[in-house]
Amino acid sequence: MPRHGVSPGQGLPRSGREQASDRSLGAPCLRLLWLGLALALALPNSPVLWSPAEARPLPTQGHPAKFIRIAPQLQEAFGWWNLTCPTCKGLFTAIDFGLRNQASVAWVGSVAIKLCVLLKIAPPAVCQSAVQLFEDDMVEVWTRSVLSPSEACGLLLGSSCGHWDIFSSWNISLPAVPKPPPQPPKPPAPGSPVSRVLFLTDLHWDHDYLEGTDPNCENPLCCRRDSGPPPASQPGAGYWGEYSKCDLPLRTLESLLSGLGPAGPFDMVYWTGDIPAHNIWQQSRQDQLRALTTITALVKKFLGPVPVYPAVGNHESTPVNGFPPPFIKGNQSSHWLYEAMAEAWEPWLPAEALRTLRIGGFYALSPRPGLRLISLNMNFCSRENFWLLINSTDPAGQLQWLVGELQAAEDRGDKVHIIGHIPPGHCLKSWSWNYYRIVERYENTLAGQFFGHTHVDEFEVFYDEETLSRPLSVAFLAPSATTYIGLNPGYRVYQIDGNYSGSSHVVLDHETYIMNLTEANEPGATPHWYLLYRARETYGLPNALPTAWHDLVYRMRKDTQLFQTFWFLYHKGHPPSEPCGTPCRLATLCAQLSARSDSPALCRHLVPDASLPDVQSLWSMPLLC
């Protein structure tokens, strides 16, 4: 339970400068940078345009439109955190218009910068850097795609914005081998070995973090060298981190890793990505590789011989979320990143795992007898991966490969853990529904699923597809190391049925540890990492199997005090100041049942007297770029 006499309903004290809206600023940040390039092709007859001397030719294609007519409306309604459906459609219509009528990527970029500033999408410096970073890849993607503006926005913003089905009617082939009868795992015998697995995710190291700078600057990421000083009446960024739109200095990550002793010892480590900071408008490949090598070296230094098994996050690439499928070759491919990962992680991974990592950023290995670990590249399911506009049908053949791995494990009698970054309930519909189907088919083999990305502490329950009523698996979504946005730093430890013959390898319990930033940033204080809570003890769970998590959701529907405890822990002991009333509570609980995207039927029993689309619309999925 929470320490220091702080009740779950109150949370830890917030600084006076923090605004209630701060937490929301990070949610759509990828789309905003996406948007910077989309604007590039608008207003082709504007008097502010100029033609660079060195113009690279563009292919022509498109649906002509008059984007200029909606520009005044956009200027009035559009903000840094507000991408509406009409705006999205206008922007992609403008893309087609520009590609048809203009002749250079450089021209496209010049218009994008001017419109980004005009419509106040971002500060001028961010507009300039973002457009220059995204323009080449985005123009390449759009000229190779076959989507209309409505379909593109349906892909990015969901089915309520557009009908997107060009690539959605695909299915993974399952083997003809009959599915064995469901066999829920049995509790281990008393005294059976228990393994402790350290889970790290979303570290987000900011090389330019600087104590004393403005934590509420105008840029998407603050507490940095270029953030400037805070207003005279406000304190600056804390030494160890800040409750704002800020990432972590290296010293806080060093403190985390050096202070793991009380939570250990660990048998292995699952590390699910997002190493670089959120300054996505100004990142180079060199920056990303520096983050990869620096943090990998830090993990090796403090964890020594403990085996570490990483997964690829959406922030590892630049532009952010840009993960081309393997059919994209040359300089625009992800070869530069996967090769660097293979080199950095070679001490932890066998040759076959390194081979598939180099191809598509995913791999499988056997960390111990009877257990198979599969690390997925969840960027191939992401709405924010703009390369999927070209073709989103099972990118890199990863899901079909997953089926092969699971069938082989079933044949051997092995159990399987899956790790990844983006949770399956946040994926493109076709990918998510296929993954859901795979999980149901191999429910006896699949012993655990572990993801990150959302920065908060939650889970996703899977059900049988026929009735959507029998819980059969659960994906654990662990909280982030970073404070972004307005959170305490944290990490997770899983207790797993241990290494012995006949082990189920299922999760028995989990623990969450945090650093209380309020205390750590006090003058003369030293950072302290402490146990925030244990899941079974805090929630009164009989075990950590899927049915227990299903039951917890429905208990929280009726027990508001229990939900307030969950809400407090969901935010790592630092919840927003605004209360979470009934609509917020139902939407949050619906998210815990939604391991399959665009599937409101999963919440039908949770809100029998309400409109399911209305309730689901209240759940703002944390699309942290």
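Heads up, residue numbers simply count up from 1 along the chain you see.
From the backbone N, Cα and C atoms, a Cβ is placed for every residue, glycine too.
According to Swiss-Prot:
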SIGNAL    1-40  signal peptide
DOMAIN    81-165  domain 'Saposin B-type'
CARBOHYD  N82  N-linked glycosylation site
DISULFID  C85-C161  disulfide bond
DISULFID  C88-C153  disulfide bond
DISULFID  C116-C127  disulfide bond
CARBOHYD  N171  N-linked glycosylation site
DISULFID  C217-C222  disulfide bond
DISULFID  C223-C246  disulfide bond
BINDING   D274, N314, H421, H453  Zn(2+) 2 binding site
CARBOHYD  N331  N-linked glycosylation site
DISULFID  C381-C427  disulfide bond
CARBOHYD  N391  N-linked glycosylation site
CARBOHYD  N499  N-linked glycosylation site
MOD_RES   S504  phosphoserine
CARBOHYD  N516  N-linked glycosylation site
DISULFID  C580-C584  disulfide bond
DISULFID  C590-C603  disulfide bond
Using C-alpha atoms only, work out the spacing between C603 (disulfide bond) and C580 (disulfide bond) and round it to an integer in Å. 19
May I ask which of the disulfide-bonded residues C88, C217, C381 is closest to N171 (N-linked glycosylation site) if we compare their C-alpha atoms? C381
Determine, to the nearest whole angstrom, how far the Cα atom of C161 (disulfide bond) is from the Cα atom of N391 (N-linked glycosylation site). 20
Which number gives the other C-beta atoms within 10 angstroms of the C-beta of N314 (Zn(2+) 2 binding site), all protein chains shown included? 24
Counting other Cβ atoms within 10 Å of each residue's Cβ, which of the disulfide-bonded residues C85, C222, C381, C427, C590 comes out lowest? C85
Distance [Cα-Cα, Å, rounded] between C223 (disulfide bond) and D274 (Zn(2+) 2 binding site): 19
Which listed residue (N171, N391, N516) has most other Cβ within 10 Å, given these are glycosylation sites: N516
Among C88, C217, C246, C381, these being the disulfide-bonded residues, pick the one whose CA is nearest to that of N314 (Zn(2+) 2 binding site). C381
Cα distance (Å, whole number) from H453 (Zn(2+) 2 binding site) to N391 (N-linked glycosylation site): 24
Counting other CB atoms within 10 Å of each candidate's CB, the least crowded of the disulfide-bonded residues C116, C161, C217, C584 is C584
With H, G and I counted as helix, E and B as strand and the rest as coil, say where DSSP puts C116 (disulfide bond). helix
Of the recorded positions C85, C217, C222, C427, H453, which sits closest to C580 (disulfide bond) by Cα distance? H453
Integer average pLDDT (0 to 100) for the domain 'Saposin B-type' (81-165): 73
